[in-house]
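To keep things clear, I will list the structure first and then write my remarks on it.
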Amino acid sequence: MNGVVKGLCKGAAVSAVTMVIALTGVGFYLALMLLVIAMEEGGENLTVHALPFAQTTLLLAQGIGFDWGAFRLTITPLLLTLLIIGMIRAWCLRWGTGWPVFLGGLCTWTAITAGMAGNVEATLIDPWWLMLVKSAAVFIIGFGTAAFGSSATRESLSERYRALTGAMVRRIGRVSAATGAMIIAIYLILGTGTVLVWAIRNHGTVAELFSLADMQIGSRILTTIACVVWLPNLCLWGLSWVFGGGFSVGDVATFTLWVSRSDGLPAVPMFGVFPDAVDNDPLRIVLMLLPLVIGLIAGLTVMLLPRCFGIGIPRTFQEYDHRSIAKDFICSAVALCLTAAMVSVAFAALFACSNGALGHQRLSHVGVDVMQSTRIIGQATLVGLFTAWLLVLVGVYAVFGIRWARERHTGQRRERISQPHDGVTNHESAITPRVVNSTHQAKEEQGDNNESAD
């Protein structure tokens, strides 16, 4: 009983400490930013609103949007969300990952969220039950990553997994999970690189927007740092753009590889990094082929790497084991299908989390078309993976066909060479030569014989 109570207290401490650290950090930063803006731009001191703003920001990081007069904001700052999840994970790894810790932490986390939701100055959009569900999801993700990261939990799950599945199923699951994670990581790196290229190319536009807003250097720096919490959202939009999907800012702006259109886009400095259209057709084709090429390379790695399936070409014709090779090809096809499904589901969820609203009516949807972007990434990845599968299949059996034809040709040639020798041998064996037994005698011996005869 004491252990359960102790676990509940540890879980409550995990939630309380995480929320206090997050609220303190965000609150102090917002107070500093509002103070600098008030000093440089003039006007009333807004630092008294720092705590309500911080509470609203933490709710927004959990996917809970709000209305502030005519302004609506529902775009989740994913970087802040990841930081909160990381803090929950760190404290859970420190204080335990048992069921009492989970229950105590979950109840405390949702209770704190409900308390903040009742004290903010903005109008929250979601109903109470949905806010609690979103808040609980954030804590569950953080606790789940800590639980799976714990060695004891991981070993227990591994033992159960081995008991329920065979070696081939475990091999397929391991390969597909590792390949899917690798492809997702590469795509996210590409999205980050795309945003960096945008920022380098369009930094002059951002400076012009700051000048139009008449913002001083301190306000520019602090607002730019504040916008960094939406950097993962921008990276996901950049990934959709570079693969041919694109994104939009409501009905006022659309950005794709072919079109860069804006009509009445708000003068927000962050919008200044948005890209222009790509006029170079070969470059556009190369960008759209990137997921296919990445899928092709990943598929070849899965097929040929010894730690995966290690499908190779036997050194001799006699070493071909068709049953084993066919089983490897079937298992690798299943693994590649699971990999493509994992990539599609992951990016469908990420794209959905990155979208939101910046207002009403014309700005009610900011982000990517989830279905279109997921289809572009998923289909291109699937085509690349199965192109690799077909290349290996054709290569293995093409070499088998060549060796089979060569082996057959060699056998026929040996038969043709051996047939004439057999005929000659039979003919020679049928003719038996006559042997004459004659003995050579000297002349003296012949004379003696004649005299004795007389």
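Glycine residues also receive a Cβ, built from the backbone N, Cα and C atoms like all the rest.
All annotation found in TrEMBL is predicted automatically rather than curated by experts.
Remote same-chain partners of the transmembrane segment (12-37), defined as residues 6 or more beyond its termini with a Cβ less than 8 Å from a stretch Cβ, comprise 45-47, 49-51, 53-55, 57-58, 80, 83-84, 87-88, 91-92, 95, 101, 104-109, 112, 139, 218-219, 222-223, 225-226. Here TrEMBL flags 12-37 (among others) as transmembrane segment.
Taken from TrEMBL, the feature transmembrane segment covers 73-91 (among others).
The transmembrane segment annotation in TrEMBL covers 97-117 (among others).
Taken from TrEMBL, the feature transmembrane segment covers 129-152 (among others). Residues 15, 59, 61-64, 81, 84-90, 92-93, 97, 101-102, 105-106, 109-110, 113-114, 117 of the same chain lie 6 or more positions beyond the ends of the transmembrane segment (129-152) yet place their CB under 8 Å from a CB of it.
According to TrEMBL, the feature transmembrane segment maps to 172-200 (among others). For the transmembrane segment (172-200), the residues of the chain that approach it from at least six positions outside its boundaries are 165, 206, 231, 234-236, 238-239, 241-242, 273-275, 290-291, 294-295, 298, 301-302, 308-309, 331-332, 334-336, 338-339, 342-343, 346-347, 377, 381, judged by C-beta separation under 8 angstroms.
With a cut-off of 8 Å between Cβ atoms, the residues of this chain six or more beyond the transmembrane segment (221-243) that come close are 29, 32-33, 36-37, 61, 75-80, 82, 187-188, 190-192, 194-195, 198, 215, 255-257, 269-270, 273, 275, 287-288, 290-291, 347, 350-351, 354, 367-368, 373, 376-377, 380. Summarising the annotation, TrEMBL assigns transmembrane segment to 221-243 (among others).
Residues of the same chain lying 6 or more positions beyond the ends of the transmembrane segment (285-309) and with a Cβ under 8 Å from any Cβ of it are 175, 179, 182-183, 186-187, 190, 242-244, 257, 278, 328, 331-332, 335-336, 339-340, 376-377, 380-389, 391-392. Among the features that TrEMBL reports, transmembrane segment is placed at 285-309 (among others).
Within its own chain, the transmembrane segment (329-357) is flanked in space by residues 63, 65, 72-76, 78, 168, 171-173, 175-177, 179-180, 183-184, 187, 232-233, 236-237, 240, 295, 298-299, 302-303, 308-309, 311, 363-368, 370, 373-374, 377-378, 381-382, 385-386, 388-389, 392-393, which lie at least six positions past its ends and keep a Cβ under 8 Å from the stretch. The transmembrane segment annotation in TrEMBL covers 329-357 (among others).
Residues 183, 187, 239-240, 243, 245, 288-289, 291-300, 302-304, 311-313, 317, 320, 325, 329, 332-333, 336, 339-340, 343-344, 347 of the same chain lie 6+ residues outside the transmembrane segment (377-400) yet bring a C-beta within less than 8 angstroms of a C-beta in it. What TrEMBL records for 377-400 (among others) is transmembrane segment.
The region 'Disordered' annotation in TrEMBL covers 411-454.
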